[in-house]
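Peer 1: Next up is a structure, given as structure tokens.
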Amino acid sequence: MGTESKYQMKVVNGDYGYVLEDVPHLTDYIPDLPTYDNPLRSNPAYSVVKQYFVDMDDTVPQKIVVHKDSQRGVHFRRAGPRQKVYFSSDDVHACIVTCGGLCPGLNTVIREIVHSLDYMYGVDKVLGIEGGYRGFYAKNTISLTPKLVNDIHKRGGTILGTSRGGHDTTKIVDSIQDHGINQVYIIGGDGTQKGAAFIYEEIRRRGLKVVVAGIPKTIDNDIPVIDKSFGFDTAVEEAQRAINAAHVEAQSAENGIGVVKLMGRYSGFIAMYATLASRDVDCCLIPESPFYLEGSGGLFEFVKKRLREEGHMVIVIAEGAGQELLAAENSHARSEQDASGNKLLQDVGLWVSHKIRDHFEKKLKTPITLKYIDPTYMIRAVPSNASDNVYCTILAQSCVHGAMAGYTGFTSGVVNGRQTYLPFNRITEKQNKVVITDRMWARLLASTNQPSFLSTKHIVQVQKQQHDNNGNEITGKQNTSTA
């Protein structure tokens, strides 16, 4: 990723194994910047708060489950308002851009950034960049006001539009300079945040007083370190509608089978949580847990057993599950990517539905009624629910506080229930995945009573991977999910 690792994270060591993985600040490369009293000192909303400024030494631990002789470990800077800010309200010219796929909560984040800048800091110059990264140099901009964005949280999608790809660091930073922008708020997934890191690097190289702040967005919940990503709760809730429909269809027919494909390219969090929430699912298949179809302990055997016992069943499968099985069957198929560099997946839900139908109706001569439901785009396009709306508000406000305080090259995220500022490289270095040797996956297996589908070979591979990732895999998010 070039030279960004040199500047993206400042490491501070303390006593008893304390490590602060800190975010950059404008003063790291622009000395003697003037400071201003935080306008929140005179804000009526904050007048009743006992301690509304965050202490400069406040940090949040990444790992909260420790032993009595454990080292203090990695910490991140706590988010929140500071007593001094590095921007005069009249001088701030902010912009907001949304990139990548749709996700519930995008409009809520846009709304809350605009409202936070205006209501808390008196900033009235906010631009919306239309159409993702390429909008900086190839699209129009719109002026975002509190009145314009006031009701957008009630709608799905993003009022700014979005796209994949289109990242050209030089053109983007040139546009930022041309518009006189000094605060850039970037909402997107790991690919988008990698792009934000390049923008920060170029801005720093040019010595510009411009903050680059990110808000992580992925409906799959696969960004590491943070507890969860916004839109995830809504996705799990909305997935219940599809699962309920599949259950009704399956229950109403002889040997009825409902197959629901949910999002989860590399991580099966939506499928896992939707399954646990539903209680109507008999089998959950995710990318992290390999499965096979035929033979003892395979999927076909379990389907046959469940139909014999219950007369119907529901299968939830994440879109990234079983891709190695499809690849083995279609070895001649070309591996293609979307504009973000993500591998284009084959439709595993449709494939496994055909396989089940062929096995039972052609091989076993057993009639079945199978219904396949893919609610992907219905889930992505809905407005965020109450829980996500609150979460989006907190993320956006924390992001604005950090930008006004002069922090840059950071992402706003919740770690162990506390708002933090995270260096870009910490959330882009890998993807968070379901750990199938962990308690949460065991809870799912206990709920569905499905087999693990793991062969001895798979078990050895999983245990080795878990051992190799020990100390890195147990992040804030994983702590939250396995409590």
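Numbering starts at 1 and runs along the chain as displayed.
Glycine too: its Cβ is placed from the backbone N, Cα and C atoms.
Pulled these from TrEMBL:
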DOMAIN    95-401  domain 'Phosphofructokinase'
BINDING   G101, R164, G165, G189, D190, G191, T192  ATP binding site
BINDING   D190  Mg(2+) binding site
ACT_SITE  D220  active site, proton acceptor
Peer 1: For the domain 'Phosphofructokinase' (95-401), what is the mean per-residue pLDDT, to the nearest integer?
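Peer 2: Within the domain 'Phosphofructokinase' (95-401), the model's average pLDDT equals 94.
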Peer 1: Using a 10 Å cut-off on CB atoms, tell me which of the binding-site residues G165, G189, G191 is the least crowded.
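Peer 2: Result for the binding-site residues G165, G189, G191: minimum number of other Cβ atoms within 10 Å at G165.
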Peer 1: Quick check on the recorded positions D190, D220: which one has the highest count of other Cβ atoms within 10 Å of its Cβ?
Peer 2: D220
Peer 1: Tell me the Cα distance separating D220 (active site, proton acceptor) from G101 (ATP binding site), rounded to the nearest angstrom.
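Peer 2: Distance (Cα to Cα, whole Å): 11 Å.
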Peer 1: How many angstrom lie between the most widely spaced Cα atoms of the ATP binders G101, R164, G165, G189, D190, G191, T192?
Peer 2: 12
Peer 1: Using Cα coordinates, what distance in whole Å links R164 (ATP binding site) and D220 (active site, proton acceptor)?
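Peer 2: Cα of R164 (ATP binding site) to Cα of D220 (active site, proton acceptor) measures 16 Å after rounding.
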Peer 1: By a simple count, how many Cβ atoms lie within 10 Å of the Cβ of R164 (ATP binding site), its own Cβ left out?
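Peer 2: Summing over all protein chains shown, R164 (ATP binding site) has 20 other Cβ atoms within 10 Å.
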Peer 1: I'd like to confirm something. Which of the binding-site residues, G165, G189, T192, has a Cα closest to the Cα of the residue listed as 'active site, proton acceptor'?
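Peer 2: Ranked by Cα distance from the residue listed as 'active site, proton acceptor', first place goes to G189.
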Peer 1: Would you count the other CB atoms within 10 A of the CB of T192 (ATP binding site), including those on all shown protein chains?
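Peer 2: Other Cβ atoms within 10 Å of T192 (ATP binding site): 27.
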